[in-house]
Each structure stands twice: as structure tokens, then as C-alpha cells.
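For reference, TrEMBL has these:
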- A:ASP352, A:ASP499, A:GLU500: Mg(2+) binding site (BINDING)
- A:249-271: compositional bias 'Low complexity' (COMPBIAS)
- A:977-986: compositional bias 'Low complexity' (COMPBIAS)
- A:1064-1077: compositional bias 'Polar residues' (COMPBIAS)
- A:1-61: domain 'BRCT' (DOMAIN)
Amino acid sequence: MMLHGGQYHVYYSRSKTTHIIATNLPNAKIKELKGEKVIRPEWIVESIKAGRLLSCIPYQLYSKPSNMQKGLNFNPACKAEESVPGPSSVAKQLNNRVNHIIKKVETENEVKVNGVNSWNEEDANNFSFTELEQIFPGRKQNGIPHHRDSAAIFNGHTPSSNGALKTQDCLVPLGHSVASRLSPDFTQEEEQAEKSRTDFRDCVVQQSPQSTRNTDAMRNPHRTNSFSLSSLHSNTKINGAHYSAVQGPSSTKSTSSVPTLSKAAPSVPSKPSDCNFISDFYSRSRLHHISMWKCELTEFVNTLQRQSSGIFPGREKLKKMKTGRSALVVTDTGNMSVLSSPRHQSCIMHVDMDCFFVSVGIRNRPDLKGKPVAVTSNRGTGRAPLRPGANPQLEWQYYQNKVLKGRAAEIPDASLWENQDSAQANGIDSVLSKAEIASCSYEARQVGIRNGMFFGQAKQLCPSLQAVPYDFHAYKEVARTMYETLASYTHSIEAVSCDEALVDITEILAETRLTPDEFANAVRMEIKDQTKCAASVGIGSNILLARMATRKAKPDGQYHLKPEEVDDFIRGQLVSNLPGVGRSMESKLTALGIKTCGDLQYMTMAKLQKEFGPKTGQMLYRFCRGLDDRPVRTEKERKSISAEINYGIRFTQPKEAEAFLLNLSEEIQRRLEAAGVKGKRLTLKVMVRKPGAPVETAKFGGHGICDNVARTVTLDQATDSAKIIGKAALNMFHTMKLNISDMRGVGIQVNQLVPTNPNPSACPSRPSVPSGHFPGGSHSVLDLFQVQKAKKSTEEEHEEVFLAAMDLEISPASRNCTFLPPFSTHLTSSVNPVTSKAESSGKWNGLHSPISLKSRLNLSIEVPSPSQLDQSVLEALPPDLREQVEQACAVQQGELHGDKKKEPVNGCNTGILPQPVGTVLLQIPEPQESNSDTGINVIALPAFSQVDPEVFAALPAELQKELKAAYDQRQRQGENAAHQQPAAAAVPKNLFRQLKPASVKEKKRNKKKNPISPPKKIQSPLKNKLLNSPVKTLPGACGSPQKLIDGFLKHESPASEKPLGELSASTSGVPGLSGSQPEPAGCGRPPAPNLAGAVEFSDVKTLLKEWITTISDPMEEDILQVVKYCTDLIEEKDLEKLDLVIKYMKRLMQQSVESVWNMAFDFILDNVQVVLQQTYGSTLKVT
Amino acid sequence: MTTLTRQDLNFGQVVADVLCEFLEVAVHLILYVREVYPVGIFQKRKKYNVPVQMSCHPELNQYIQDTLHCVKPLLEKGGGGGVWVTRFWSRGFLFLQNDVEKVVVVILDKEHRPVEKFVFEITQPPLLSISSDSLLSHVEQLLRAFILKISVCDAVLDHNPPGCTFTVLVHTREAATRNMEKIQVIKDFPWILADEQDVHMHDPRLIPLKTMTSDILKMQLYVEERAHKSS
């Protein structure tokens, strides 16, 4: 052993000893050595025999002798059975494993976790191996709920990764893995079962991070659960396992007893409605981790800088090394001065770990070195069963189109693919795994595997590809070590990402008189030493060149791009190597015939700027010449903070989505707090299944083909409160009016960040206002205004605060009749700058979201919501003013929501789907307000649960009463809405009771609906059909006026297909012109009000006519649908069309022989009038 | 090939110009059609390629022009927004996309109670751009339809009692009142808060006249009519 480089320690040392060799150990020792590698002696012997270091995993000794015995005994048994596929052997393994777990659980004496408890009970019968097959079904049934239990419990534990909870954490996964043994994977192929069992044992016993790596055949996703034992943040992996559990249940689903379980398994983890979903999601999202690490590391560097003493141990060491060397080699000095000449100009070093995830993953797995390895969440063969409804080819085709054509591709014809599917389905019922490869080793890259590739695909390319699971903890550790190493030399470090850093080494080189290469070598050695991972280093005179040099240096090398080489070097580089040149830009450049930077150099700046925009053009122009003047930025300002989740989003109820949004807001709050900033602008992004895309995505839980919908709103004050963010997000969400089940991703982004510490300058100016200006209890605007004027002089610099205050004062003012325009003249002057500011920011936002612009303009001059008010400012105010502020604030809060929600109603909505959630128009007359004859327009109050009871209590009594009334009314309407129809159907409902459901007719009607609806809905919002459609309709709609006039006057042409509007227009002797009536559908918004898909008036008419003439007793549901349509029209402010529809129906229905139709019309009209009365304060004149 | 969007400075102006022009024509026509002033003071003109009636009474014209003049600067700001709960009513004639939701021509009877209200409800279309309609010919067509509707609205409205007068109200949002100074381009032409009695109409009936949706403007015109005009 010594001969082969091993060491023998007589006394055990926790820090030095890496492996413990033993054949048997007493229980006390085992407990003591928990977490250490205890290996059987065969490992050494066989390693020597093999001539290399073998993985110690198969030679692991168990810490529990009894377990070990059994485990060892089963080893051969399983091997023997390997060739005998069938449940029996699986059962044995299962048992075996279960035994381990029980033992483990028992010995730990930690059985307080429910889930585990239940497992104990169950496992009692697991010892009877022979009965296993019979036991299976029963256990399975038990297994599902318990499985869930344990998952749930586990979720509860996710945040706790500290030692105190470790035992529990360990226990739960144990139970979990027991559960998992029962679920689909016990049908897996035998050899994998064997392997996995080994792994499983390893993990259970070892609890050391080393055990996390695993051999290829990790088909069984639940095994990761056991891995989690070993790592502190086990949640990551547990969750990962959930995914793969669903993703890759074994393809051999022959055993009949499985289906229930395999069905149950997917439902366990990824329920977005679960309150822990978000934290779960983030704990297992590698992208999230990567970005978090980057922030952390940047922060780390910043902290180092702040605490910097100016002494860098690494640098000192280097200096010593250097002096030692130069003392030895005196003659070198001449050479040295030449070499060190570049140190006068800046010198940037780019350090990049080589395939970071992989090298970290295999750093303790010598047996995997030099093999193709990929880090991914998937294990096994990379195949998963095709879930019904999923259409991977379709999606693939879609993405291909998108990439190739560089535009939003049409969804390919699904039927085309269905044929192929069915052809395929005969043979294989599985598809390639869609787990992404996060990182792959250079060996894997050689065979064409790339990062981001789907694992299944990669596995086809390279069958020997080994999968290594994520180990976020280790990544973080290694990244930290790397940064610490770098920081020992200098603090001028820019954290590019967790495995990548830019270092300005100009100073170091000058100080240590080292050449860049020497320094790079020293750094690399040290990093390798510390982290056991290889790092590549590129050195250049600027960031760009350093990065490019690193490309050349990889793998595990270094490259110093000397100034004289730059020109040649850069000319040979592919443009795609330039930072900032992505796929789309590359294809653009290729179209221009540009491949290398040399080609690019022939382009003029003007040309480039024309092609790519001023900034990008300039960047390209400079980059292709190797010019880059970006400094190494050690401190980066965050521009936005966001939380987005587009995995596993499948809501079934609006409630879930809302709860999810609130949770997401909390996540945002955490992040904002962590970053120490507040944000002003909120963007809600939602991914919605593209119409026509398959409901089931190719990747389980993935988002599939989606449309992105976004809404932005600017709050009047920067905030980091989850409550405010959540409210705003919910409001935006409601304006989208999405189909909940089609949501595939949700994200909230906060922009316009400002540091959290409140602006102190706002406070002093407040008390400076003499309180004498506030006549006690006066609500007069005049008084207020005088005060305002006085304040103005002192407060100009605190525009925003001032403005807020002004708003506060105006709100009460608006309740007074004394408000006169002349005052506004003064007010305006100070408002203007802000308004214009708001506007400019609106411009910045672009056309993208008109609503956001609007709301910004409003909100920016609104009273901040109470929670946003600076309490100190408030307290500094004189009492009476404070009272007013509070009051106004309370009022304002109500208004704020009404205001925001009103937008869609206002006709600005772009997101009304045919199934709106049921926002109902409400209007409460408010008699005491002098200025509102039509009353307060409480279009959409905030949900009652959102109303702050304190604020509510602070409201004036009348307001309270009104709000209550409004909520009552809303509740009533809400109930109706819950039954799909908003209208106040309560009174006339009995009218329809007698109507028997004519299901056949209903079907017929539905049939009619269907062909009309889909094409209308899919209209792209950007396509502007407005111009064309009415022009086209113009000539046709003219008709023959005389005939129509006759028809109109006589009122006896019920079958007339001409719209009434034309008739009335014609009667007045102006034929044809009304034909240019604009159709709301024409404006191109998908959710135009429609009647069963019919948007154009002629379609609506046809539909109505068919309905009325063919059916003798109308369905209540259909009537309500018509009412709904009319209500939508009112909301859409398309009264003209409403009028036409009503008149048309009146004509048809009142002439119908069935009296039912007359009643139906009355009912519809009543409802419409009610809504109209609420919206416009008047009712439709029906002639 | 410039594409005008809401970001362009002159875009707001374009919309403002179009709207002001239209509203001027519309007000004259309403006054004519509803016989608020003697037919004698009106002249036949051509606008939007259709015949319209315009008053030639200098003071009346001045009044209408002044109001429009005050409106324009605000319109140019562009933008838009939700609806404020509180509304202000101002005599005179004003609208701005940003702050105004309704421009109302009110016809009052002798007792200064409103008998008819011509409500121009102005909102912004979801996508604001005139790129596809750079000559605004489509908008013109739509506006023409409005004019024609106004000119025939007497067919659907009851006769007004004799001795009517008129006023113009603007429903603004609260924020707009603070911008009033800016609106007050012309001295001695201030906005005042409308009286309750100017505004409130007893038992109104709604008669939709026309709705338009164009790239730059979304507007609907309806008439609110007192049920019993003579009373």
C-alpha cells in the first residue's frame, strides 16, 4: 500500500485520515465514525490490482453490523438474480433496503417524524421476504399517502439545513426513499437495481458528501433522496429527485401493480399551490443557485474590499517566492525587466473553472476522471415514458422553426406529428429524457455533447456517458474557495459568476515583479490545490482579451495574450466567441458574410450601428479590434430583482394562482431585503400556453410552447414589502384575465431599485412648516393650499414627498365643494416636473405596455399606500394634517385598487380571455360627494381579505357603509360569477326553472360555436387588421337602402340579416356610411368581447338568429351567455354594438311565437340596463 | 419610413389636432341639429367630405375655439390612464386623453336643467401607433361616420323644448384639475367646477350613436336624453 502512495495512520485523525479500513467495527466506533469512509480491505487490494484508484463505494463497510451482514449477504443474492427479471428480486431488494432504513431509523431513535413513524409500522412486515409479492399491493396503497406525508414533512424542513435538524432531515428522506422503493422504480432493470442498492446503502450509512457522486445507472430517481442525507441542503436533491421521479420512471412498466403508484408519484412534489413550492423550486433550480452565488460572491468581494487591510497573504507569499528565486537566479533580472514591461499597462486576468459542475462533481470520484461525465438531474438511460398528450416532436419542431427563422414560429400542425407518433408508439412508449445537462466534461464534449443538451439525446450520442447529480453545496464551497484564493492576492475582483472571475492584476505584477504567466501559474496551482478542480486562466490587456485568452487556455491551461499578438489573435477568432454575440446575432452576422472578427473589422462603425443599433454596433466595432475599455467592476449595481418560475406551474384554480403570486411576492421581498434595496416598478410576467400548443408539455412540468404576457406598474414609492408587491401583482394578474390552467410560468420583476435606507432629507422639511397654518379641524382647501404654498418654498427639493403630501391634501379637498380652479394654478406648477418625469419614464418603457404608462401617470401622483408612508414624516406632521393624511390614504387605497382594476374595463385591456374570471362592474352612488353625480366608480374593489381593517376603521362612517355595501354587492355578484355568470340572475331565475335542459339542442349550438371561435381568438395582438377589415366591409354593408328602409319602418322582416344600425342609418338617407362601423375585433386584441367566439356583428347576428329561430325554449345558460356578451360590450365601451345587438334581439325575440323568448329578452334587457345604470348612470333607450 | 409611436413628440400633437378639429365640427353640428341656435346663423360647409353646418356667429365661434385652444396642450401629452373615482366637472370645453374621460355637450332647457347630453367618451386604444395609417385616412373615415351620425340623430331623439342653451362639460380625473393652469392658455377663460344641477339629469335614457376604434383613438358617442323633456 505504501508503495502505491498510501499512508497508514496508527492513530485515527479526523483531518488526515481519508479512509478507514475495517472488516468489522463495534457499534460505538461506528457511531463515532459516522460520516467517515469505512472501507473493506478488498478495496486496497483490488485497487492495486487494477492499477488505479477504484471507487470505494462498492467496498463500503456498513456502520451497523446487522445491516451490514444483511447487505453483504444480499449482494451475491442479487447478483444471482440479475438474470431473472421479475418482481421477486425487486421485492427482495426493496426489502433489503427497507430493512436498512428501519434499522437506521430505530437506531437513531429519532422517530418523531410522522411520515417515518408510519413507515416503521408498515415496515414491520417487511422482514418476511417471501411474502413480499403479496404484501405489495396493500403496502402500495398505504404507501402513497405516506409517501406524500413524508414529502410534505420534508418540505417543511427544506429551509433548515443546520445540524440541529439534520437528523430529522435525514429521517424523512429515509422514509421517503422507502416510499420511493414502492413506486415505479422497483420495476427497473435488475442490474440497475443492484447498483442502486449499493448506492443506497452507501448513502444511508455514510452520510458523507463523497457519496453523492454516483455511477451511471441512476435510473431510480428516488435514490437521490438518500443522497440528500449526505449533504446539508438535502432539499435540493430531494426535490431534484421528485422531478426525475416523474421524469424518468422506468420504461418497463410491465408489472401490473405499478400504475397506481406511478400515477401518484408525479402529483406529490410539483404542486405550485403548495406553499413551499417556491422555496422548493429555488432550492433545486441550478440557474437560481448560480445567480444567487454570483450575487453572494460579489458581495463577498465587496466585503473583502471594505475590510481590506492592504495586506494580501498570497501576494506576500509570491513576493517571498520571487525574492527567493531571484536570489538564486541573479542573471534572470535582465530578462525580467523585459518581461515585466507590460505591467505598466493594465493587465486583466480571467479565471474560469473548467466545466465547473463536473469537476466539482467528480473531484472525489477518481474513477470518473477522464470519462465522459455530465451533471444532470436525470439518471439512467435517459428515457422516460411518453406521457399522454405530450408531443415532443411538435415542440421540437417549433423551437427549430424559432431558431432557424429567427421569428415567432407558427405552431406546426399537430396532426402531422400525431401520425408519426402513432407509428412510433408501437415500438417504444418512452421518449428521451428531457433533463438538461448543466455541465459536461471535456471528454463528453469531444463526442459532441454540449451543455444544455437534453440528457436523453446526449446519452444516445455517448452511451457511456456518466451522470452525476447536482451538488449545490459543493459548488458553493468550491466557488468560495476559489474566490478566497483570488482574494488573497488582490481585491480587485469582478465576480462574473460562481466559477468565473475577472481580476485586475496590474498592481500585483508591479508589486511582485512577476510575469503574468508566472502569476497565473501560481494562482492556478493554488486553486487546484485548494479545490481539486482545474481552472484555466487567460490574461490580456483588457477584459475582452482576457476572456478570449481563456478560451484558448482551456482546458486546464493558461494563456497570456501579449499586446503584440492581439491583432493576429483577434482576427482569427470567430465572432461567436465575442461576448455579447449570441445565436441570433451570430446568424445575423453570418447572413452578412461575417464569420471571424477579421471579417468584422472590414465593417464600418456606421454600418454596424445601422445593423445592430448604436450601442451594440459600437461594441462589435470595438470588440473585433480587441478594444474593450470596461473596467473590472468590483461593485455592480443591481438593476432589477426578480423571481420567476416556469417549471411545474399547473394551476387548477384562480385561488392557487393568487396564493402563488403572493408567495412569489414574499420571495421577492426576501430578495429585495437581501440586496438591501427597494423597487419602484413591478413587472408581472406570465407564460401562457400558446393556443394550439399541446396541453401536456414534452418536458414534464416544463412550460412548453408559450406566449409571454407581461404587465408593468410603477408604484408611487419604492417598496420591498411583499404585501404591496403582492397586491400590485394580483391586480396586474387580474387585468390579464388568463385562463388559469394555461399558465405555465410566473415571474415578478422589480426595477428602478433604490437603496433601502430611507431618504433622511425628507424629514426635516416637514416640521419646518409652521403649524399655525393649519386651522384646527379645517378641511378647507384654501387653508390647505396656503400651507402648501408655504411649504413649497422649503420643499422644492423633496419633490416626491411634497407631491405625495399635496395629493393627500387634495383628496380631502375633492370631497369639498370649495375647490376652485384658481388654486390649481399654483398646484400645477409644482406638479409638472413630476408629471413630466413620469412621462419620460413612460417613454422609456416603450410601446410595450400602454397600460403601464397610464397607470404610471396616475400612480406617480397618488398618495402612497399607508404601508409606504414614511412613518417619521407622518409623525412629524401636525396632528390635524396627519389625520387628514391618514384618512386620505385610506381613501386612496381603496381608489388605488379601483383605479388599477378599472383599466381593463376602460377598454385598454389586452388580456380578456373568453372566460374572464368574473370582474363585475359595480357602481355605488355616493351622495355626499358634490362632484359625482354618477357616483363612485368602484369598478373593482380589492378583495375583501385585502382590506386592512385598520384602514377601514379609519374611514369616515359613510365611506365605511358604502364600502360594506359594495362588498356585499360584490359578494353577491361574485357568487353569481362563480356560477359562470355575473349578472344578477337571482330575481328572474325562477323564470328559467321551468325550462327543461334541451341538451341535444345545446350540443347543436355548441357545434355551431366551435368552428367560429378558435381563429378569432388567436389573432396576434400586434397584427393590425383594423385598417383592412372595415374597408373591406364597407361596400358589402351598404346594401340596398330602400328595401331596408321599408323593412325597418314596417318592422316585419324578422329574418333580415342586415344590422339595425344600417337600417337606421339608411332611414335617415345616409346609406352606406354606417358600414364603416369599426369592429372591436378588428383592433387586433385577442379578447374582444365575443358571443361564443363571434366577434363581428354579422357573426353575432347569425348566431343569434339561428339560436332564436331554431330553438323553442332557450337554455338559461345561453341566455346568460348573451347577457355576458352584452356586459362585455359595455365594458368595452362599445355601446353602439350593444344597441344593435339589443335591437336585433328585440326584433327577433319579441316576434317569436314562443312567449319564452319574450321573457328571455326582458331578462337580458333588464340585466343590461342594470349594468348600464351602474356604468353610465342611465339606461338604454329601447324603441 | 418613420414610424410614429406614442413616444414621438409630435404624435400627441397629431392626435390632439385630429380630435380638436373633429370636436369643433361636432359641436357646431350638434348645435345645429338640436336647434339650440337659430338655423340662420349656420352655414353649410364641407368637412370630412360630407356637408356639415357651422355657425357664423363670431362670439359663439370664439367660445368654441377658445375651449379647444385650451384643450390642445394637454392632449399633446398623450398617455392615458384609469378612471379616477372622483370626477370634476368643468364648464367650458376641454379634453385631454390623459386626464379627460368624457367631453359632454349639454343642452339645457330654460331652467338650466340638462335635457340632452352628447357624450364623447374618449379612451386610448390598446396599441397606439399610426404607423399603419400614416395618412390618417382611416381615422377620417371613422370621424366622418360620427359626423353623419350626429347629423341624423334627430331621428332617434325627441324634440327639445324651446329656448335651450348649451354648455360643455368635461369629465376629468382628479389629477387633471391640477393641470388646469396649463390648460388655461387663454386668460379670462378659466375652468370652473360644474354645478350639480348642470350635471345631473333626471331619469336619463341612453342612446348610443357611434363607436370607433382606430390606431390612435378610441371614442364613442352616445346621447343621454331626459325621459320627459317638456316637463
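A Cβ is built for glycine as well, from the same backbone N, Cα and C atoms used for every other residue.
Shown here: features listed in TrEMBL, placed on the structure.
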| residue | record | Cβ within 10 Å |
| --- | --- | --- |
| A:ASP352 | Mg(2+) binding site | 24 |
| A:ASP499 | Mg(2+) binding site | 25 |
| A:GLU500 | Mg(2+) binding site | 21 |
> What other residues of the same chain, not counting A:ASP352, A:ASP499, A:GLU500, have a CB atom within 8 A of the CB centroid of the Mg(2+) site?
Replying inline: A:VAL351, A:MET353, A:PHE356, A:VAL496, A:SER497, A:CYS498, A:ALA501, A:ALA535
> Which of the three DSSP-derived classes (helix, strand, coil) applies to A:ASP499 (Mg(2+) binding site)?
Replying inline: coil
